[in-house]
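Only one structure is covered here, and it is reproduced in the block below.
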Amino acid sequence: MIDGRLRALRPVLALTTAALVSLVGFKAVATVHWPAYNNSYVPYAATTAGQLVCLAVAFQAALWLRQGKRRGELLAWLSVSGFVTATLALPLGSTRLFLFGITIDPQFRTSYLTRFTDSPALADMTYSGLPPYYPPAWFWVGGRLASLAGWPGWAAYKPYSILSIAVAATGTYVLWSKLVRKDRALLATLAETAVVIVHGSPEPYGAVLALPLPAVLVIAYRALRRGGRGVWGTGVYLGLSALTYTLYAGYAAFAVFLLALSAGWGGDRRVVAKRLAAMAAVSVPVALVSWGPYLLAVLRHGAGADMAPRFMMRNGATLSLPMTWTLISGLCCLTGTLWIIGWFRRNHIAHALGVAVVAVYLVTFASFLLSLEGTTLLAFRLLVPLLAMLSSAGVLAFLLGARVLAVRLRGVGGRRFSVRAIAAGLAAIVAVSYAQSMLNLMVEPFTVANTDTDGDGRRGDGRAPDEGQYYRDVDHAIREFTGKKPDQLEVLTSDYGFLAIYPYWGFQALTPHYANPLAHFEERSEAIKSWAKLANPDDLLAAWRALPWRAPDVILFRRGADGKYLLRLSADIFPNQPNVVREDVAFDPRLFPAGSFATREFGPFVVVMQKSGALGRYP
């Protein structure tokens with residue numbers, strides 16, 4: 001009875017341990033004054049040392065787990081979460097920002113977390129009064145934790161990202177350990193974790209789904225064939241995915257559907273169909289937590305065009321073939337691919353992963369075809385789940401090969417030939433080599449994080465900050481003049497970094513691809529352009545009163561060389577690449593006279609605020 005309860009508590013203990021390791025590691029790193037990653041090799045050396053310690057602990061844990069010693073479990077949790085923390089926290093020790101800082105994509109991610117730090121209410125990241133379109137789950141949890149800790153959202157983004165990836169990696173080990181022997185589960189998890197950190201950690205909310213996905217799909221395949229708790233577990237994963245990352249949720253659902261077809265091919269199709277329906281019955285209510293309000297709003301009010309899928313990079317126009325890469329990860333993926341092909345009909349893990357890999361390429365091919373219709377499935381972002389599946393398969397294949405050779409070469413020259421020792425040595429060399437190469441593969445995201453200006457107006461490398469240093473002055477001026485909190489005000493600006501740091505509502509999103517379709521991005525842009533053509537302030541205020549949306553309370557401009565006030569608007573031009581064009585819209589300062597507006601200037605910024613009575617905005 002007691003052992004059963006302890007066994008049930010192990011996943012909770014594992015995840016709690018991972019969270020504590022991440023937090024302790026983050027605090028420890030924060031106590032040291034680090035040179036910037038882009039200015040010194042010291043963070044590189046410290047990271048390598050941390051990785052080596054974690055790998056040594058992992059190999060000891062694998063040995064103990066193989067011997068059936070329980071203390072190996074704790075070491076496994078510590079090694080996996082410690083590896084994530086060391087790899088991500090140490091190179092970022094000199095900055096409070098996460099990978100890629102607050103530039104382009106991280107701006108909207110940071111603003112979303114800032115939104116939920118300010119309030120637990122489900123809301124759009126930018127527009128007031130709208131239900132969320134982009135899945136909020138990861139950001140909501142992070143925002144609530146930031147609020148509990150008393151941190152601003154932008155400052156919580158880094159530690160929360162590292163913590164969530166560490167917890168997800170440890171949870172992945174727990175899932176794999178239910179499918180294969182625990183020492184093998186640990187090694188497969190470490191391989192997955194390493195490649196996901198390199199290729200997926202800039203999108204931490206995606207990384208936390210990609211890490212457990214291979215094990216989840218194997219569990220789903222088992223559940224479709226045999227039933228059991230895997231049915232509702234898969235449903236919960238699909239539902240949470242829909243609340244976290246729509247693309248991954250859609251892919252995972254498609255992969256599970258293909259697995260159901262495969263399971264029904266040689267089994268009772270009615271039973272398999274019932275189990276698939278049960279998974280859907282669990283996942284749909286979970287997904288409707290955030291999607292329900294959005295779908296109701298679409299039915300009631302209609303929505304504009306969804307621009308998010310209208311994007312294609314070069315790697316989105318070709319099939320991702322990581323098994324051909326001339327890297328250690330490529331060799332691992334090639335080994336996994338060959339194992340999947342060779343064992344597809346003989347091993348349920350190879351079969352499930354094989355079907356999942358096929359699903360990636362089917363989605364990619366469909367994305368190619370849809371691009372002819374002016375949209376895509378953003379299939380290039382499935383590279384991270386693909387790498388996770390092939391790398392875990394590669395480790396399992398390597399372990400199988402070592403076991404087969406150990407049996408075949410049991411006696412060489414009259415003595416036992418230690419294939420296992422050779423395999424362990426080779427695995428250690430490969431692991432250390434790839435761990436050391438990770439920082440070389442992540443130079444850009446680490447460098448940008450150390451050179452961007454944070455919410456305190458500082459750069460991680462200690463050099464002069466950019467115009468972001470004035471954001472605090474802008475915020476102070478707005479609060480002082482209006483007497484209102486940021487979540488009570490709407491700001492029109494093309495400097496979206498300001499909205500990433502402070503929870504003001506935005507009149508317009510950074511680009512159409514991050515805009516809620518309910519907000520009618522194109523119509524708002526046309527309205528803004530029309531205001532710049534007006535002749536006098538009265539016409540401007542009249543135009544604002546006639547808007548179908550809330551008018552801006554504040555406009556954050558940049559001052560142009562000719563003295564005019566500038567906003568930079570973006571527009572979608574897909575299928576061209578880049579898929580966005582930016583246009584400066586110039587406003588005559590005379591549209592904002594002192595009688596109706598207050599104006600403040602900070603560096604390159606001009607802050608224009610409505611006075612009381614202009615639109616009746618302030619008492």
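Any Cβ shown, glycine's included, is placed from N, Cα and C.
A TrEMBL annotation is a machine prediction, not a hand-curated record.
As stated in TrEMBL, the feature transmembrane segment covers range 319-342 out of the listed 319-342, 535-558. Within its own chain, the transmembrane segment (205-224) is flanked in space by residues 109, 135, 137-139, 164-165, 167-169, 171-172, 175-176, 178-179, 192-193, 196-197, 230-231, 233-234, 237, 241, 244-245, 248, 252, 255-256, 259-260, 262-264, 272, 275-276, 279, 348-349, 351-353, 355-356, 381, 384-385, 388-389, 392-393, which lie at least six positions past its ends and keep a Cβ under 8 Å from the stretch. Within the same chain, residues 179-180, 213-214, 217-218, 220-222, 251, 254-255, 258-259, 262, 309, 312, 316-317, 319-320, 336-337, 339-343, 376-380, 382, 385-386, 389-390, 392-393, 396 sit at least 6 positions outside the transmembrane segment (349-370) and bring their C-beta atoms closer than 8 Å to a C-beta of that stretch.
Same-chain residues lying 6 or more positions outside the transmembrane segment (417-435) and placing a CB less than 8 Å from one of its CB atoms are 48, 51-52, 55, 59, 83, 87, 187, 190, 194, 328-329, 332, 398-399, 402, 405-406, 409-411. Long-range contacts of the transmembrane segment (12-35) within the same chain: residues 42-43, 46, 73-74, 77-78, 80-82, 84-86, 89-90, 93-94, 159, 162-163, 166-167, 169-171, 173-174, each at least 6 residues beyond the stretch ends and with a Cβ under 8 Å from a Cβ of the stretch.
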